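A.B. asks: Straight out of TrEMBL:
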- 10-189: domain 'Beta-mannosidase-like galactose-binding' (DOMAIN)
- 200-305: domain 'Glycoside hydrolase family 2 immunoglobulin-like beta-sandwich' (DOMAIN)
- 652-739: domain 'Mannosidase Ig/CBM-like' (DOMAIN)
- 754-817: domain 'Beta-mannosidase Ig-fold' (DOMAIN)
Ligand code: BMA
């Protein structure tokens with residue numbers, strides 16, 4: 001099979017019937033340069049017709065774009081006569097069209113589209129001609145299209161813009177509580193011609209049937225589009241670390257569309273999540289051949305692993321535990337949202353950075369949230385490689401959905417395509433019907449979830465499709481979902497939004513005994529530079545309308561302050577507030593995660609809201625739009641580490657918990673120290689302790705007075721776990737809020753060592769406690785191995801710094817903030 005790329009240069013213009021801004025009307029009615037894959041917003045920007053939609057409040061003036069119908073066209077040349085060619089079929093393939101409209105080739109209508117999540121393929125052999133050809137795509141205004149359907153079929157119970165549910169389009173593009181309303185149109189994924197001779201490989205799937213110590217049973221299903229009655233050959237080769245370990249050849253006869261084949265792999269290397277084992281992948285090479293000529297070929301990686309969701313009754317309700325290869329896995333992760341409002345801007349490198357950061361921060365799961373998109377295949381490939389499990393929602397969020405036949409048919413086709421496309425990825429461990437639909441419905445109406453518009457899609461349709469086209473991983477109706485109540489704490493999974501969204505402060509996380517928490521979160525502003533990029537200097541303060549515009553939650557800014565004052569001293573300095581708000585967020589999520597990790601496996605998962613951002617915004621993210629880590633990112637590295645030590649206080653007692661997520665036992669010592677913030681060591685004790693594999697245990701219990709704690713504003717407890725002479729985990733407990741601590745601007749001794757190309761070590765120490773030290777390099781890019789940490793008395797630390805800057809530049813630009 002040959003491909004002819006149709007991406008790159010295109011042209012676009014507005015349909016004359018649309019309402020266009022007077023000042024650029026003429027320009028929009030003429031053909032202009034476009035770039036595919038792209039979106040109309042990107043093309044308008046590239047032509048200088050609109051300013052950056054993320055800057056200041058520009059978004060508000062750009063709302064006309066989604067009310068316009070847009071036309072895209074491309075001319076291309078074919079240097080042979082398709083009808084006389086050797087090809088049995090020539091197709092035009094659109095991997096993604098956003099969202100509703102028609103396609104013409106050489107003036108002839110070839111089909112329509114109405115779902116941005118699916119691939120559209122049209123046969124064009126009869127339509128193409130030698131020489132110049134032309135494709136034209138007509139995009140209808142998504143807003144008017146959605147509204148027209150809404151007035152025909154009725155308004156449904158929907159959070160945010162109600163017409164959005166009528167379109168199979170990323171729901172966040174209609175605006176969300178972290179996203180602007182930038183409702184896109186365009187050819188958002190690759191487009192190409194396929195020249196098929198005899199046959200092509202349509203789908204390849206490797207599934208693990210069973211695993212024993214000595215071998216794994218694998219079944220492969222290879223789907224072929226066969227356009228000839230003649231026999232063709234199919235060859236299958238399996239490689240492990242570049243060594244061929246299996247090989248088979250088959251003859252595909254007349255009607256053989258699918259080749260199902262079972263085989264065994266001896267002493268298999270299994271796929272395990274990050275932090276538990278290696279995420280081993282095997283490689284398969286599949287070829288279709290005829291008389292020695294390769295008709296089509298593909299390479300696929302696959303993992304050998306089983307997944308089970310353990311739901312067993314216990315005294316508190318019912319468990320919700322993922323088992324991978326028969327091992328219970330405590331899930332630690334975050335929710336993933338689309339990495340931009342303009343999706344074609346998201347490149348492989350962006351996925352690399354965001355996903356590698358997830359691995360580095362010890363995440364083992366991400367939830368692809370239902371108001372976004374089914375991510376690019378590269379995203380899933382990368383998660384396969386990194387051992388990051390995926391909780392995969394279907395793309396429905398916070399609403400009841402239509403039930404008319406065409407809509408359900410559209411959803412059905414989408415689900416089948418998506419399940420077949422993604423099922424080969426070992427990283428995906430669960431399919432989930434939607435985000436919060438049933439929970440919101442039940443809370444708002446008091447009615448049964450089955451009465452919700454669209455309920456059948458989630459209760460039956462998607463479940464059946466997952467069973468029929470996959471069947472190797474669980475299907476879950478919604479997130480959250482539970483037996484008697486969708487947001488139950490005794491069974492199923494839970495979203496915890498009392499904290500933050502319902503104005504409750506984070507200490508309340510302690511009272512939440514849910515079985516698996518797929519959402520909970522706390523907001524903070526992004527890095528000042530990320531924010532400054534979209535704010536004029538006069539608006540870089542929390543009183544400006546522009547900054548409020550960059551927080552899409554109702555009362556988002558007031559919440560930031562309400563929760564900040566509970567813990568930190570309020571100042572009026574912008575950067576200082578950002579620093580403290582980031583800290584507050586990190587402390588909140590740490591508090592939650594530690595509380596749930598010490599309940600292991602009563603609670604078996606904590607997935608915070610949210611990993612990333614889609615623009616420069618104040619949100620719940622750990623990493624901002626420019627991929628600058630917030631304090632939460634550095635905290636996650638620690639609170640998600642496979643081994644944590646947690647100190648819990650109740651009245652005059654303390655308990656110290658040891659959590660070990662590794663599949664091996666760890667022997668070592670617990671070291672408990674009581675310091676004053678001025679560096680006086682009041683108490684120290686070393687206790688031998690064992691952390692059983694994949695377990696939690698109380699490793700110390702005692703009274704505060706026995707640890708010589710007397711003054712909460714100066715005394716604090718420091719704990720470390722040492723094994724084989726190395727500290728593998730550490731933590732502290734302060735007995736009062738940071739704002740009440742008697743902190744001062746204590747001195748820090750530091751020096752840099754150059755340790756390699758673009759690599760430095762920053763050595764730091766202090767005689768006193770330096771609380772929440774934030775290190776940054778003004779105007780320089782530098783990656784720090786840790787930040788926002790406490791520097792303890794006489795406990796030097798070494799921070800690894802990666803930067804292309806010189807030593808002198810680092811010395812000149814280093815800045816530090818600490819709590820005082
Ligand atoms: C949940 C999510 C999102 C939302 C987030 C923050 O409701 O599913 O819809 O953005 O909380 O409010």
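Backbone N, Cα and C define each Cβ position, glycine as well.
Note that TrEMBL annotation is computational and uncurated.
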A.B. asks: For the domain 'Glycoside hydrolase family 2 immunoglobulin-like beta-sandwich' (200-305), name the stretch out of 10-189, 652-739, 754-817 with the most CB-CB pairs under 8 Å.
C.D. replies: 652-739
A.B. asks: With DSSP as the reference, give the number of residues of the domain 'Mannosidase Ig/CBM-like' (652-739) in helix, strand and coil.
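C.D. replies: Here the numbers are 6 helix, 57 strand, 25 coil.
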A.B. asks: For the domain 'Beta-mannosidase Ig-fold' (754-817), DSSP counts of helix, strand and coil?
C.D. replies: 7 helix, 33 strand, 24 coil
A.B. asks: When secondary structure is assigned with DSSP, how many helix, strand and coil residues does the domain 'Glycoside hydrolase family 2 immunoglobulin-like beta-sandwich' (200-305) contain?
C.D. replies: 0 helix, 73 strand, 33 coil
A.B. asks: Across the whole of the domain 'Mannosidase Ig/CBM-like' (652-739), what does the mean pLDDT come to? Round it, please.
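C.D. replies: When the pLDDT values over the domain 'Mannosidase Ig/CBM-like' (652-739) are averaged, the result is 97.
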